[in-house]
Amino acid sequence: MNHSQQVPSRDQLLAKTGVLLIVDQITPPSGPVAKGVTPTVKERELALFIAVSDDGMVYAFNGHVDLGTGIRTSLAQIVAEELDLRMDQVHMVLGDTERAPNQGATIASATLQISAVPLRKAAATARRYLLQQAALRLGCPPEMLRIEDGTVIASNGSTLSFAELVQGKNHQLHIADDAPLKAIEDYRLVGRSAPRVDIPGKATGELTYVHDMRLPNMLHGRVIRPPYAGHDSGDFVGNSLLAVDESSIAHLPGVVAVVVIRDFVGVVAEREEQAIRAAHELKVSWKPFTGKLPDLSDVAQAIRDNPRVQRTVLDQGDVDGGIANASQRLSRSYLWPYQLHASIGPSCALADFTAGQIRVWSGTQNPHLLRADLAWLLACDEARIEIIRMEAAGCYGRNCADDVCADAVLLSRAVQRPVRVQLTREQEHVWEPKGTAQLMEIDGGLNADGSVAAYDFQTSYPSNGAPTLALLLTGAVEPVPALFEMGDRTSIPPYDYEHMRVTINDMTPLVRASWMRGVSAMPNSFAHESYIDELAFAAGVDPVEYRLKHLSDPRAIDLVKATAERAQWQPHTRPMQTQAEGDVLRGRGFAYARYIHSKFPGFGAAWAAWVADVAVDRRTGEVAVTRVVIGHDAGMMVNPEGVRHQIHGNVIQSTSRVLKEQVSFEESTVASKEWGGYPILTFPELPAIDVMMLPRQHEPPMGSGESASVPSAAAIANAIFDATGIRFRELPITAERVRAALGGEGQGPDAPAPAQPSTKRSKWWFGSLAGVFGAALGMLATALPWRAEIAPVTPPGVGSWSAAMLERGRQVAAAGDCAVCHTVSGGKANAGGLAMDTPFGTLYSTNITPDPETGIGRWSFAAFERAMREGISRDGRHLYPAFPYTSFRNINDADMQALYAYLMSQTPVRQEAPANQMRFPFNQRPLMAGWNARFLQRGEYQPDPQRSAQWNRGAYLVDGLGHCTACHSPRNLMGAEKGGSSYLAGGMVDGWEAPALNALGKSSTPWSEDELFNYLSTGFSEKHGVAAGPMGPVVSELATLPKSDVRAIAHYLSSLEGEPQALAANAAPQVDTHVSLSNGERVFKGACLGCHSDGLGPKLFGVSPSMAVNSNVHSDLPDNLLRVVLHGIPTPATRDLGYMPGFKDSLSDRQVADLAAYLRHRFAADKPAWQGLASKAAQVRANPGSH
């Protein structure tokens, strides 16, 4: 492991006594620069590569970092080989700016091919020196000495350890180009598979990842990003902040600071959860943002419309003449989508800006470039900044790892304490520099003899280096667009075309973008290899044979032949030659490439060839890559098994990119905010991978990391063509694209669902309240609009009631759910203030604690009982029937007295309820007198002598204390609960559907008494789902009741025999044409399946409800499902259920609509399709309700 803080720095080693140092003067690379900009030549510096210490340690240093590719192991093998050490005797240090040489960014798989060369020479230099020193001491020629495990051994048995040879002096040697390298025939480590040195520490939980790094006195930070995600240029960048209201989080515990520098806004707190909450609740005002991204609904056209600067990197023969004279012209366009680096863990960093020194623990891919950016940001010398590189959550390219380091530095500077910052998942996905889209256009064709007439290739690459975000937000750099010459990787095809022209269209980004694995080479090779496949079939020649005709590179020819042989390739000249297996079509595709990386003309890395086998379901359009045979020639393989690991990883990642990955945009903003909106390949979808590595141990090592992925897209697309006869020139090749290309045959996820019935459910009681007042006016002659005040009394003493009565009162209060409506989130129980939004205004629940001024402390029992039974307050005012006195009138006297005693014995809370905000005429309380005269019945509940005691107890609790009809019965035009067949037939409350309870045994998934009992007791039923919304706190209260009472409620409800709602018979199938069920399926698999896997996945946090039987999915209305998806279940009904996150900050209205439509189609296919889901999702998002 790289416990680099325990390793002396370069300066410490240079000053140390008892050490052999192998150094060299190097000129640090400048890093990528914009087109037309002259790179800044940095001063030469002394770089340290090898340190042999008298404490027995051998340190080796390389400026690149290990991204999970295993270079720490391979580099250690190289050093150990040259110095005849064991692997455990080499401490490999990577990337740390105070220790490792500045060898530039870790990109293009260039570590072993380029950056390891000086390290190997340094080890050879050290070996020669140590042998020379030993020869002098032992009095024998160096040829008579050998080295074993760090000890020099003479032929007579005399020994000297490395530590002894370097004692007492500081030996500094420059790398000697003439130092003899070990003969390949003598290798004992290089060329043999070695276990990864990093795996044991990761497997046993050693401190490895930057996310786990902690320091004493450390604080936690979070950042609030501006509204222009996806942009890194424009006048608004760094100039959009209006105000930050620090008072909005003044009440939160643990907040240390709010840091504002132009558009950079961050919060610092003592604990991480405090920082998260502060960032969420801090009120930040931004200027209205109108600078939207270009219209990316048509990415290809957006690229074509983007200004460009052309450069031709190859022009040979007569391209125009060849095209003009072609017997068959083929003009093709290929499109690569925007993709994410998709780091599994959001970027994280820890900065310590104290005592004049700045230290940053980072997962960066570019430590030295990051140090330069931070020096620019802080306007200080680079020497003050130390980057300590730790491993991160996986990224090949430029994600937000550097951005978050700058965030942490700014926050640490503000508070002068170490600060750890981690981005949210949404920030990582939205703000990371995307892997850019790329458009490749080819014009060419065939001659009459099947030879290539001409090849005119253009590639357009809208990307650049994506400046570190804090530099832009703080105004340290100007937000001007820049052109980077990075679209030319592997732009020249590997084939010998006589007439060929290659043109690069350099352009500024459409979206914040930067390099990603296979920078421009994967897209370019997708076009090259798809096009030659088309040429082969058009010429009537087998695709492998056709490639071989146009290859002259001997190693390429050997690889193509060997790979075809390994895969048992069957020559063919037409697609669809494999017998279909029912609805499954099978095909094979071939592709070859050599990755050419770095600044044009670049360097050639490893050669790679793919044979991909696919299965295509022509009914659903689903594509499975079932097997990949991959041939690979990387020259000398330092660690063959490590190379194999890299190839496997590349196959998996590139298959995911070809079949699934695409950033989605809505209204010109990034919509892929989490895994539901950006699906990646899952374990069940992995292909079988057969790796064939050509033995080339006498050849120089070539970069192998990215090379294996370069032919991937074309191989898979060519295989799909072989299976279906259809060419796909745009990625990803998703099921809906395949199904559409196949003519829409079959039943895919988008197949029509049954029709939506025309019947509509009634709304919350205010929905039709307008009719109340017209009727009430006609009743004023017989109803009293004003009632007498009942005089206030002195609050009863605390000891006025027995413990038994108080316990009975507690149970009555629990059964009546008093605290559910009379307590705000985070507030004192029963102190009121809960807002209840209605179409006609807002009501606020009252304070029912015994406070004499703001509560019911001066209410007599008579006043309390009148309010409960008649809806009249102590002062004579009418209450709105949102307070369910129409049910509470059923409560018997003993329970009413117990409830009064319980409430009056609670701790008083002085809290004035906000004034109701009802619009005229609904704010005229006297008008409720007529309503009461018409709909309020009198008297307590009377038991049914024909029924059991349990049934009667259940009816009493349901119709009285529990006031279930208040939510679960529909209302008439005057807002009163309907009876008869409509009793408990369902209703709406606070935007939630309260389902029908009067025919539970006849519902689509029948409720048994036991299921209902379990649900009411725990909030969960395996056959129906989880209690959410207003039902959650109801269950919480029911859980405190005697089990016999809950059983009585279940018994009573299960006995009801209402009429189940019938579906429209033989209705014409309808589908909401504005939703994509395929996209909904992807969202479900990416965001939901981990928990809702029908028992197939792990049980992690509480229950994992099945969507197949979820009542919300089978409901006539989508409201409850949408509310749970968007707002989650932040407070579960009982602790064992587990928390469900809401996705309102992660999924757009369209994505939520697609998800809901898919769930309905997948799990309730016999029900009518929901309509207008996107608008309904927007409505639910804007109106979260109070539950």
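Note: Cβ is positioned from N, Cα and C throughout, glycine not excepted.
Among the features that Swiss-Prot reports, transmembrane segment is placed at 764-784, with the record citing sequence analysis.
Feature annotation from Swiss-Prot assigns domain 'Cytochrome c 1' to 804-907. The DSSP breakdown of the domain 'Cytochrome c 1' (804-907), given as helix, strand and coil counts, is 43 helix, 10 strand, 51 coil.
Annotated heme c 1 binding site per Swiss-Prot: C818, C821, H822, in sequence order, evidence recorded as sequence analysis. Long-range Cβ contacts of C818 (heme c 1 binding site) within its own chain (separation 6+, distance under 8 Å): N830, I848, L903.
Under the heading domain 'Cytochrome c 2', Swiss-Prot lists 949-1057.
Annotation comment: Swiss-Prot describes C964, C967, H968 as heme c 2 binding site. Counting every protein chain shown, 24 other Cβ atoms lie within 10 Å of the Cβ of H968 (heme c 2 binding site).
Positions annotated as domain 'Cytochrome c 3' by Swiss-Prot: 1075-1163.
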**Asked** What are the DSSP helix/strand/coil residue counts across the domain 'Cytochrome c 2' (949-1057)?
**Response** 53 helix, 12 strand, 44 coil
**Asked** Can you give the mean pLDDT for the domain 'Cytochrome c 3' (1075-1163), rounded to a whole number?
**Response** 88
**Fill in**
Residues near C967 (heme c 2 binding site) by Cβ (under 8 Å) yet at least 6 apart in sequence within the same chain, in sequence order, are G987, V989, A994, P1030
**Fill in**
DSSP tally for the domain 'Cytochrome c 3' (1075-1163), helix/strand/coil in that order, comes to 40 helix, 2 strand, 47 coil
**Prompt:** How big is the gap, in Å, between the Cα of C964 (heme c 2 binding site) and that of C821 (heme c 1 binding site), rounded to a whole number?
**Reply:** 14
**Complete:** Those same-chain residues, other than C818, C821, H822, found with Cβ within 8 Å of the centroid of the heme c 1-site Cβ atoms are G816, D817, A819, V820, T823, N830, G832, L834, S845, I848
